[in-house]
Amino acid sequence: MYLLVLFIPLLSSAISGLFGRKIGERGAGVFTSSSIVISWVLSMLIFYETNINTSSTYIKLWRWFDSELLTTNFGLQFDALTGIMLVVITSVSALVHIYSTGYMSGDPHIPRFMSYLSLFTFFMIVLVTSDNYVQLFIGWEGVGLCSYLLINFWLTRIQANKAAIKAMLVNRVGDIGLVLGMFAIFKEFGSLEFSTVFSAVNEVSRPNSIALICILLLIGAVGKSAQLGLHTWLPDAMEGPTPVSALIHAATMVTAGVFLIIRSGPLFEGSPLALTVTTVVGALTAFFAATVGLVQNDLKKVIAYSTCSQLGYMVMICGVSNYSTSLFHLMNHAFFKALLFLSAGSVIHALADEQDMRKMGGLIRSIPFTYVMILIGSLSLMGFPYLTGFYSKDLILELVYDKYYLAFAYWLGAFSALLTAFYSIRLIYLTFISNTNSKKEVLMTVHESSWNITLPLLLLALGSIFVGYIAREVVVGTVLPPIIPSSIKLIPVVLSLLGATLAFLSYNTLSGFKVFLPKIKPQTVVNLFSPAIYTFLNSAWQFNYIINHFLVAKAWKFGHLISYRIIDRGLLEIIGPRGISKLIIGVSQKISNLQSGLVFNYALIMLVFTTLFISGSGVGGFASQQWAYIMFS
């Protein structure tokens, strides 16, 4: 059972990729979807063993990385953390596979697409079941590779090429941090196995080394989980098909960084500095992404920035040593975020691939089922009372408030909740409620999607409503809510409702302003976002410009002038092939000049060497004889 959950997705990927032409588009879709559903069933059994029965399992398969003092086994670790992650990964992946059979219908390369999805799932399972950092790194790089392949699936689109390369390169920066962290762990502990490293944390005599290790691991998590600074790849990843967006942003790639922090919790507990930095990074990311999501017009990019913001909450709560709460929010987020992405895909599918919300509107009567699905997902994202997101998001803010020395993190998170509600209602209003801006011929053909698109939406909607309530005792049953005033507990809910109200009033008809704000002109409220502020937020705080202008451009200039022109085309060419060839040609030309073909030149040489022979030593005479022989031969 434990090995099957790992290798069934690999088998599914191999058969769909290698024999896709034999089994056909429908066969590839049915086979891969069935395989992942089987993996989900096995994951539920593993969850029952590890979480309900509290029975962890450790499997050593073979020794595969053996170099002097470094010995690493290919081993699997199934504990409570792994059990929850397996359920999340296989649940969302199975529904995305089923959804893809309808969403990608008509595409000639469905077997390749389904193969990539299954391979993505396999590498994510390798990542969460590993019992050492080396094996974790294999899964870490594997999901990065698959994200490149999936974002660039429509490989004839230039923007998809650019987005895939950008995702790969930005993640390489974080990967360097993870690799350096692994080197530091091996230097300090002499092993890369979780059990060995975590059991020896308290024996380390140099606390600065633990801080360094944690900061390097955090850099890896920042890259993979799109935290502030290395987040720029995440919105551009929307160039891939919508099922890819759901799989990357809900259950797989972006959660890998948070999983790394949770798994490395014993290390982080040994460094208060690393915990503080983690909290600051998470809080700033949650606030930054929420502000940018306010003014995005692309339907999928709004949801992408909400993912970035929610990941900030997960990282922030890890910084206050509540890893189970972070895992709880990760699980809840997977369901309502997958629901939002797949529902957005249903809207895009109905509108002939239109993603600009300014060109939508009035769809509530045409696709009411999809409207209800997005409404449920958005309310859960907002933390609306008694939906899935409510149970984890409010708990995170309460626990952060309890750490008084990090009060600013609480207020950033609370204000981000207001902004989250604002852009969630804005999305619903512009897409479904406002007057339509669609073309007539497009609007006339809008209809609900087929069953293999709507069925995953319905199941995810049930998860977005009930999972938080059902799973809270299993995941965060040991977390004691802090004793704080009820007024503080209500702040996130009040701010969310306030944000939703402001969004509805801002985008509703002008009569709304006349009722609620009779003395303020509507234009005054609209102009709160001046062109400068709007441009600043719409450009994501100019991060792309700053990185391109101050880092990428200078690195490119250095690479062109120094690395390419001076070293590659200069020094190495002179020392290497070009220099050697010039030297040989020059010497050959000088020697060939002696072979002039003129008799008097030969006579002069004979006279000179004869004189040397007569007057010189025997050695000189012998040399002259040899030279004369060469000249006349």
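Just so you know, glycine gets a Cβ as well, placed from its N, Cα and C.
All annotation found in TrEMBL is predicted automatically rather than curated by experts.
What TrEMBL annotates here:
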type     : residues : note
DOMAIN   : 64-114   : domain 'NADH-Ubiquinone oxidoreductase (complex I) chain 5 N-terminal'
DOMAIN   : 130-419  : domain 'NADH:quinone oxidoreductase/Mrp antiporter transmembrane'
DOMAIN   : 423-613  : domain 'NADH dehydrogenase subunit 5 C-terminal'
SIGNAL   : 1-20     : signal peptide
TRANSMEM : 30-49    : transmembrane segment
TRANSMEM : 84-101   : transmembrane segment
TRANSMEM : 113-130  : transmembrane segment
TRANSMEM : 167-186  : transmembrane segment
TRANSMEM : 206-223  : transmembrane segment
TRANSMEM : 244-262  : transmembrane segment
TRANSMEM : 274-295  : transmembrane segment
TRANSMEM : 364-388  : transmembrane segment
TRANSMEM : 408-429  : transmembrane segment
TRANSMEM : 450-470  : transmembrane segment
TRANSMEM : 490-510  : transmembrane segment
TRANSMEM : 599-623  : transmembrane segment
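Among the recorded stretches 30-49, 167-186, 244-262, 408-429, 490-510, the one sharing the largest number of Cβ pairs closer than 8 Å with the transmembrane segment (274-295) is 408-429. Same-chain neighbours of the transmembrane segment (364-388): 306, 310, 332, 335-337, 339-340, 343-344, 346-347, 350, 394, 417, 420-421, 424-425, 427-428, 431-433, 443, 446-449, 454, 457-458, 460-461, 463-469, 492-493, 496, 499-500, counting only residues six or more beyond its ends whose CB sits under 8 Å from a CB of the stretch. Taking residue pairs at least 6 apart in sequence, the transmembrane segment (206-223) and the transmembrane segment (167-186) share three or more C-beta contacts under 8 angstroms. Same-chain residues lying 6 or more positions outside the transmembrane segment (244-262) and placing a CB less than 8 Å from one of its CB atoms are 81, 85, 88-89, 91-93, 96, 99, 117, 120-121, 124, 127-128, 136, 139-140, 143-144, 147, 150-151, 153, 174, 178, 217-218, 220-227, 234, 237-238, 268, 278, 300, 303-304, 307, 311, 314-315, 318, 323, 326-327, 330, 333-335, 337-338, 341-342, 345. Across the residues of the domain 'NADH dehydrogenase subunit 5 C-terminal' (423-613), the predicted structure has a mean pLDDT of 79.
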